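According to TrEMBL:
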DOMAIN    33-121  domain 'Intercellular adhesion molecule N-terminal'
DOMAIN    226-313  domain 'Intercellular adhesion molecule 1/3/5 D2'
SIGNAL    1-31  signal peptide
TRANSMEM  403-430  transmembrane segment
Amino acid sequence: MMPSGPLPRACWTSFISLLLVCCLLPPGTQGQELQLRVEPQNPVVPAGESLLVNCSTDCPSAGLIFLETSLLKESVGRGLGWAAFQLSNVTGDTQLLCSGFCNGSQMIGFSNITVYRFPERVELAPLPHWQPMGENLTLRCMVSGGAPRDHLTVVLLRVEKEVGRQPAGDGEPAEVTVTVLASRDDHGANFSCRTELDLRSQGLALFQNSSAPRKLRTFAMPMTPPRLVVPRFSEVETSWPVDCTLDGLFPASEAQVQLALGDQMLNATVVSHDDTLTATATAKAEQESTQEIVCNVTLGGESRVTRENVKAYSFQGPNLTLKEPNATEGTTVTVTCAAGPRVRVTLDGVPAAAPGQPAHLQLNATAKDDRRTFFCNATLEVHGVILHRNRSDQLRVLCRNPIAITIVLGVLTILGLVIFAAALVCVFGVQKRRDIYHVRQSSTWLPLAPQQPDEAVAVELS
């Protein structure tokens, strides 16, 4: 039966050689042919190499010996019962057929050449930029070239640990895939693939070729959104803190965080600890409005977003004004409590007529009003919340007779000057008495004189 499809070149060569042998055999000798020895027998050689082939027989009367092959050959020697041939550029598997005659009978011998070559390319397909933890990861290795394929195996590796192996198969290029479950421990691990050409059964060795490693990055992103902490209300032109936190994030240190107030990006300080990421910033509204604060955390191409509204309000005042803060008894004093728009004020418990309008109070100052404190209270409603602010001031009331006060002040001033002068005299007097006096010592010799009556002596002394 003839083959239904095209045969490889080596198979055609063997088929034609056998056909020629059968045709050349004399009648009655087919199936009884003598054998020639072909050396080396079934060699395995690297692609492109040369091979020396020797055909020999023990027949003492052997004729010429021939070598049938599709390869380039050159006769390098022959003798009685042997012939040697040099084969060049052996690039593919083929069969050698040696033939000759012994006593009119044809002799034949076979040898199969197996060519091996290392893969031209061993490459691990690019890994995902980020691989979710807990999901399957497909490792794909492409191999171009390499023979013989039935001795070629592809191994997938995590660092140096084998995670799978498969035969290379006959495809060109060969593609081998292995599926693994990505885990936290795989973050930062190198994956690669390796080919193993095992020719140890042919007396050679195990030849390995490895691809360049590729680093895997795994991540975990929680389904819950970040916790965004901001005040419900904020006064215009007043800074307030923004705090955004997300737990269960891995690796937290490689996540990106954006904090924004409306269209304005905030300058955030980001800190990661274990699987928690925290971003803080300060924000300030410049006008009355409801503005949106956004916290956006991104990792591995996934994002988690939280939005909160902040009501920016303007609370002007209150301002408490005493027209005469130092009033004379009997003088009319006007007290005013005022604030900004939409602010309701109350002056000493008396409310203004409407929000945004001032409250007034008039009184005739009396001695009892001296050091009286007035209270101005302002309230502003912001989204159902009442905000309060207070101011206070004190009134001073003088005695009705200013002349008497002037006289008293004058007397006190003069009295003070007298006391001051007396103090100066006292100080200088003490200093004078403390000066040093020098006493001149009299002579110890006394002249003799007649005794005088006591009275005369007393007058003299006086």
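Cβ atoms here come from the backbone N, Cα and C positions, even for glycine.
These numbers come from a predicted model, not from an experiment.
The average pLDDT computed over the domain 'Intercellular adhesion molecule N-terminal' (33-121) stands at 90. Taking H, G and I as helix, E and B as strand and the rest as coil, DSSP gives the domain 'Intercellular adhesion molecule N-terminal' (33-121) the counts 0 helix, 66 strand, 23 coil. Mapped onto DSSP classes, the domain 'Intercellular adhesion molecule 1/3/5 D2' (226-313) shows 3 helix, 58 strand, 27 coil.
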